[in-house]
Amino acid sequence: MLLAIDTSAGTGVAVIDPDGRVLAERQEADTMRHAEVIGTLLDECLTASGIERCDVRAIVAGMGPGPFTGLRVGIAAARVLATGLDVRVIPVVSHDAVAHDHYAAGGTGSLVVVTDARRRELYWSVYREPAPGGVAERTAGPGLSKPDDVPAADHRIDAA
């Protein structure tokens with residue numbers, strides 16, 4: 001079982017089985033309360049999934065891009081849990097996960113994934129369509145720019 005934590009925007013936690021199925025997930029959209037909600041979300045998610053902490057084989061940690069404080073809370077939680085459970089942390093760029101879902105659902109062509117960086121700026125990453133059975137390749141980014149300066153691609157996903 002994987003326990004995934006992402007605090008690059010709001011706070012999200014999920015338990016994923018070995019077949020890639022999401023057994024439980026919890027989210028809090030508020031981007032200012034990561035530290036206050038992460039413990040509760042983790043407990044609720046583990047309880048809802050029906051697994052015990054000892055069943056967790058790795059912790060997936062969202063590595064951003066995102067605001068420093070939010071990322072720090074999620075990465076710290078992932079490292080503490082991994083240390084306590086004696087499992088590894090698997091770092092994942094949050095945009096990479098969005099790109100993976102896009103192509104797994106049949107998306108084609110180049111892709112730019114965009115998230116709000118506040119202060120009228122955007123985080124972005126550009127991807128090349130993977131070969132059949134392959135993994136999307138990030139060709140640029142993560143980057144930070146004004147909205148008019150985000151690179152173009154065949155498709156754009158404005159992720160939360």
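Note that Cβ sites are derived from N, Cα and C of the backbone, with glycine treated the same way.
Annotation source TrEMBL lists domain 'Gcp-like' at 32-128. Averaged over the domain 'Gcp-like' (32-128), the predicted model has a pLDDT of 95.
Long-range neighbours of the region 'Disordered' (133-160) within the same chain, counting only residues 6 or more positions beyond its ends whose Cβ lies under 8 Å from a Cβ of the stretch, are 9-10, 29, 64-65, 93-96, 98-100, 102-103, 107-115, 117, 120-127. Under the heading region 'Disordered', TrEMBL lists 133-160.
Residues or ranges marked as compositional bias 'Basic and acidic residues' by TrEMBL: 146-160. For the compositional bias 'Basic and acidic residues' (146-160), residue counts in helix, strand and coil come to 3 helix, 4 strand, 8 coil, using DSSP.
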